[in-house]
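What TrEMBL says about this protein:
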SIGNAL    1-21  signal peptide
DOMAIN    263-658  domain 'Acyltransferase 3'
TRANSMEM  302-327  transmembrane segment
TRANSMEM  348-369  transmembrane segment
TRANSMEM  418-437  transmembrane segment
TRANSMEM  449-467  transmembrane segment
TRANSMEM  490-516  transmembrane segment
TRANSMEM  536-553  transmembrane segment
TRANSMEM  573-594  transmembrane segment
TRANSMEM  606-625  transmembrane segment
TRANSMEM  645-666  transmembrane segment
């Protein structure tokens, strides 16, 4: 089912990459000699200064230090940024209160001084992105009429201090709140009405559910009434938004053999979701920082590189998706060689639409909130830099998220972390078709799966070789500093497309096939459970994961070659097989001792069901926590871990309410409509909650 990789060939490749690894040398110079990445004037004092138009206007300005080969400092800046994991100190941000530039601005006030060359000589990709995002009237006026005056103002101070020149580009400007006319936004008005409608439906549905319980016999008037679906379709429809019923759906144990067998997946899902949230906390801290050396140091140590190279954690979700999809589809027996193609098409459309309807309400609400009210939740000198891209993309490119294609246009879509949802949905659609085809034509099963296994390695290898990409996506301090991934082709071409992620679902399908044919048998489980070599074998996933990450972190320092391209094809697939697949298979046999019992703790059942909403909303929470700061913050391990912990806690709270008020109600409403439409569970499949990727 999966390509056989000899241990000898894998070890040889890892040795070649590791031996060739090179981490750039260290240059001795003082960090404090370099200009700071961020310099902010006092934001609140500026906006409360009402002496004149300019005195109470605050602008965020992007600047680039201009080359000067006669300057020793310039050579230090160039030398510093040559390291892959260093910030570029020739790209700076200034939060400027225009009070200090009044003289320059007033000299232009009465003349025709439109600055038509804004952005000339600067990084075109960055300035075009800024112009696309920040296009409010004050932004455009300050950028094109007063841009040169602001540049001269900043240069006056910068040249005295560093003997270097700046070229600037106004990102956005803000005036005092009293001068800002609040326009009535139809989208925002509709959102408030929608939220009120949801609350009303929840109240009415809960009351109706309580009335139904009161009509039961006395012994049935307990909370157990809420734990089972009602038989009548109309009653199911009217109780879809019942908060009592949805609460018990959130906490109730799994029913049936399959649900209990795979309950350990809740532990994997919960822990890995926390790791993803903690990792995103780390990455989003790369912006407006006072001590950039904190993050730069991670790229100079092996353990720091392992932390930066943790993006492969996401693969375990795809393995679990493929496993559960195969098991539920096969157990249902929805397609056989005798099934007509018309019936196959109906089954396919039903499965895909059911999947989409579980995602769509929550994803649409995230886009809607970003487009309307999220920008009003906070303020600060850097707040619009953080929040404005989401507002613009939600309004102009919302359809990319709704139709699950945003992984192919990451730069101009809201909530870039939701690339995974799009890729997962595309893979779900593709592999559902594959399962239907091989169920109708089982004689082609092995050939199709072997072909897909080869493609899962060949496609990223060919893309990496043709485009001369780095072999692994390892985030760098500069990567997301400008609110889009810059100089990061490996992210766009290898990491996010669904066709470069075929391996996770495929290996999950193989695991599901092995589970149904062998691992669910009690005699097989007795041979595995408690046997020392199998129990210890699962723990080998940790050193193997470290070796794979270490080799990947070394490989990115190599010049692109056939070896680095081959590693880009093997990299995530090795992780999928050895780090994700084998532990999942071991626990499918109820092996793993304490680890197995730990993953089956009841708390993980609830956390796993909240994990989808946690993943959706956590970036907005991070933006709120980072965007309010009035000056660049000092980063240390305590601060980072505190931010990560707060992010997880608030994400859990938001996820809890999102599940009870949005995800579960709309999912139950859709299910009830299916029941009213006469859909039989025997004729069309219906994926259970545990088959949904969180």
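Each residue, glycine too, has its Cβ placed from N, Cα and C.
TrEMBL does not curate its annotations; it predicts them automatically.
Outside the transmembrane segment (645-666), and at least 6 residues removed from its termini, the chain residues within Cβ reach (under 8 Å) are 198-199, 201-202, 205, 240-241, 243, 246-247, 249-250, 274, 277-278, 280-281, 357-358, 361-362, 365, 607, 609-614, 616-618, 621-622, 625. Packing against the transmembrane segment (348-369) from elsewhere in the chain are residues 187, 191, 194, 329, 394, 398, 401-402, 404, 414-415, 418, 421, 425, 428-429, 432-433, 436, 612-613, 616-617, 620, 658, 662-663, 666-667, 670, 674, 679, 684-687, 692: each is 6 or more residues past its ends and has a CB under 8 Å from a CB in it. The stretch from 490-516, 536-553, 606-625 that makes the most Cβ contacts under 8 Å with the transmembrane segment (573-594) is 536-553.
Within its own chain, the transmembrane segment (302-327) is flanked in space by residues 85, 258, 262, 265, 268-269, 272, 275-276, 279, 282, 420, 424, 427-428, 431-432, 435, 472-476, 495, 501, 503-509, 511-513, 515-516, 546, 548-550, 552-553, 571-572, 575-576, 579-581, 584, 687, 690-691, 693-694, which lie at least six positions past its ends and keep a Cβ under 8 Å from the stretch.
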